[in-house]
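S.K.: Questions regarding the structure given below will be posed in turn.
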């Protein structure tokens, strides 16, 4: 929501030209709507005008020079290597810094110069190899290829095509090899895409760690073993991490080397298509974690120095390097870089059937400073002016325009820590075009509370503020924790709560210890209040729903290349003698209740109570009354709760129930009646018994479903 009066965000430009405002309103179709939602953006109307005009100009240029964005975003149909109908081979590359380009591979016994490309305008090169006389396949499926570059200095470089669709690494090889992917029987999708969910419940997933064994799991394993679990847990969306090929496994998929290749360490492209198709058959939306904010520095098997120059796909000099990530930064103003990235977006939608994207590193893209050393206090000046990388912002707008034009039900999510205004508004309003942004302050708040404060010192108002402090009408994905907190060096909520006792005291055959009891109760409460109050979508990283008892650490030199911690022990939830099942059950029923009552798609909650002494938070959303007692010891009999609606209430979710590892202190057959007794600025109220460390959800059964 817009920041309150007196907030630093309000200290915007105090004066602005009415003429400039009028010009901006004339140029941006629905800017008036944005300024009506947040009038404090009026001084920055010229910025929105400039951004929209840059987007429109680029889109028009694409139309004039390329026949429209539809054709422009099909670069993968001509670039790379393609079998022609006559059995020949057509090849095309963009290598503006090259003196010569050649194709070599198994098909010609690795003769490096036998097949030279012809130089075209604008740094493009093409090659046509006629078919064999017997019409047999010129380059067999699975055979190895390389593009050979002769640089301006005369150096001979062996490169993987930026458009390669499949790359693998042999066990005895340091670098990846490009293999021609042209199967005789490509996978045919059997199921249609699911409808866009009313409320997103996202299961953040990594295929490689999805097995309990210390090994890299496969697409097949995920399809057969994990998708049914996700469906049972009530999630309607999976966000697939580490799919775009990355040479370094421990990068978690964020150092991309081959942008059009699905990671071969998990299986084949056809097996990934089967995974997506199977998810669709279950009604599950599938999002790709797309990394267009930077690229790996690898040159032997990456984009870096493809044509022998430092630039090509990236900025030249310091602007082309990300100092913290040790990676390369795209030159978003380059025509061919735009073609490459927009075609990459379309490729994953069309070839693999993904339903949208979570864009990684959006903050790094939006600003020339990449967010490094920035606190983002909320002052509106931080989001406008010279620090904004308008080339990158134009690309973001084009990408969102393309996604939503091709598939109107597609979903895009921005990973932006800055909170840039209008990023999640439609482009016609002057926005960035994203559907959602991640509520990145929420997990930091929970970690801060668990790390720095005693339970009795938790500030209820501060919790509510953090969970509700979002820009009005810009949708957020709330999460208590993601993959970031699971990584080695950090701690998950379960670890902050229970630490080493998770290894010794999770058996139901032993009595609750104070640590385990507290941990299980707060784990449920934190997740439910985040789910119900924190946004218009919810995200959970795989395994965290049941309090996975290990951190996540990929094989690397520092751990002797061990896979022991690069796994998820889902079998722990299947063991009736372990308490992990309680957290798993609660997560499932929490999601199923949202599926039935749709609070994520309801207006933001009405908070009626945030009592610091009693440690009570109460709010209404989607016809439900949510109550949280965070007090470590105090239970309350006949506690009065305000409500805006009269009627009979029943308990529909109780974290204290036996199936969730609770203490069964509430009678679920009890009826609670709200009466016209004003309380906490609500016209009605009811009396409820609220045990300590319990979350309750009550439903007004007199209201229509």
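From the backbone N, Cα and C atoms, a Cβ is placed for every residue, glycine too.
Here's the feature list from TrEMBL:
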ACT_SITE  360  active site, nucleophile
ACT_SITE  415  active site, proton donor
DOMAIN    227-571  domain 'Glycosyl hydrolase family 13 catalytic'
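For each feature listed, report its degree of burial, its nearest neighbours and the pertinent distances within the displayed model.
M.R.: Packing around residue 415 (active site, proton donor) is summarised by its Cβ count: 20 other Cβ atoms lie within 10 angstroms of its Cβ, all protein chains included.
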S.K.: Just how many other Cβ atoms lie inside 10 Å of the Cβ on residue 360 (active site, nucleophile)?
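M.R.: Its Cβ has 21 other Cβ atoms within 10 Å.
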S.K.: How long is the line from the C-alpha of residue 415 (active site, proton donor) to the C-alpha of residue 360 (active site, nucleophile), rounded to the nearest angstrom?
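M.R.: So the alpha carbons of residue 415 (active site, proton donor) and residue 360 (active site, nucleophile) sit roughly 5 Å from each other.
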S.K.: As a test of reading the model: what is the averaged pLDDT for the domain 'Glycosyl hydrolase family 13 catalytic' (227-571)?
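M.R.: For the domain 'Glycosyl hydrolase family 13 catalytic' (227-571), the model's average pLDDT rounds to 96.
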